[in-house]
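If you check TrEMBL, you get these features:
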- 6-24: transmembrane segment (TRANSMEM)
- 45-65: transmembrane segment (TRANSMEM)
- 71-93: transmembrane segment (TRANSMEM)
- 105-126: transmembrane segment (TRANSMEM)
- 132-152: transmembrane segment (TRANSMEM)
- 164-186: transmembrane segment (TRANSMEM)
- 192-214: transmembrane segment (TRANSMEM)
Amino acid sequence: MVSADLVRTVVGIIGNVISFLLFLSPVPTFVQIWRKKSVEQFSPAPYLATMINCMVWVLYGLPIVHPNSTLVWTINGTGVAIEMVYLLLFLIYSDKKGRFKVLQIVLVEVVSVALLATLVLTLVHTTKKRTAIVGIVAIVFNTMMYASPLSVMKIVITTKSVEYMPFFVSLASFANGVAWSAYAFIKFDPFILAPNGTGALFAVAQLILYAVYYRSTQRQIAARQAKGDVGLSELVVNGSSRKTNSSRNGHGSEG
């Protein structure tokens, strides 16, 4: 009979793969930034949010905080490294004001997580209590990150178009939430289950919106092509919604 630990490990590896692909989903955005040598109107907020989220989960997965969680800290450690590369590109290609703001927030995040780690590891002396404290903090950050696409969903409903809500990112987000929820169920971990279960529900909502507005989106595209107009996605990129699109692509991790 297959042991629960083996099944949990396999599910965790699947979750690692899906999360890794989600971390890489903003790569086209940064290729564009690199080619144009400018961040233009792209926002660093999603990448700053993902980085602190990953740092907290790395702390959570450490054996001295929550034993037997190697697959949690490995993927989130990878996430921290990837987000640092993204933010480095923001530092290189932002103007002086933007560069200072990004650097300032990164320093605050690093200091905050270091302070949390120091306090938890020095003042709390059992892994059960350490797990509870860091887990609650991680839930807050993870849920906020999963909720970030809400602004995109609002625009989809308003415009009746899913042009700027990529289907495969939404599908991967759903798979990511399901994989990590299953991981948390096998050896019950409410701190991983809560944010990832919520994330799966948000992703389901996005997929439902995609199904509802897919045909109207195709009609809008066909109508614009017939008139020779620019696409909505181009308007979104060049207009005020670019930050929203960037936010959606920055969505990334698990618990």
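Quick reminder: no glycine exception, Cβ is built from N, Cα and C everywhere.
Remember, TrEMBL labels are computer predictions, not curated facts.
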What stretch in 6-24, 45-65, 132-152, 192-214 has the biggest tally of Cβ pairs under 8 Å against the transmembrane segment (71-93)?
45-65
Two-stretch contact, the transmembrane segment (164-186) and the transmembrane segment (105-126), at least three Cβ pairs under 8 Å:
no
Take a look at 6-24, 105-126, 132-152, 192-214 and tell me which one has the most Cβ pairs under 8 Å to the transmembrane segment (45-65).
132-152
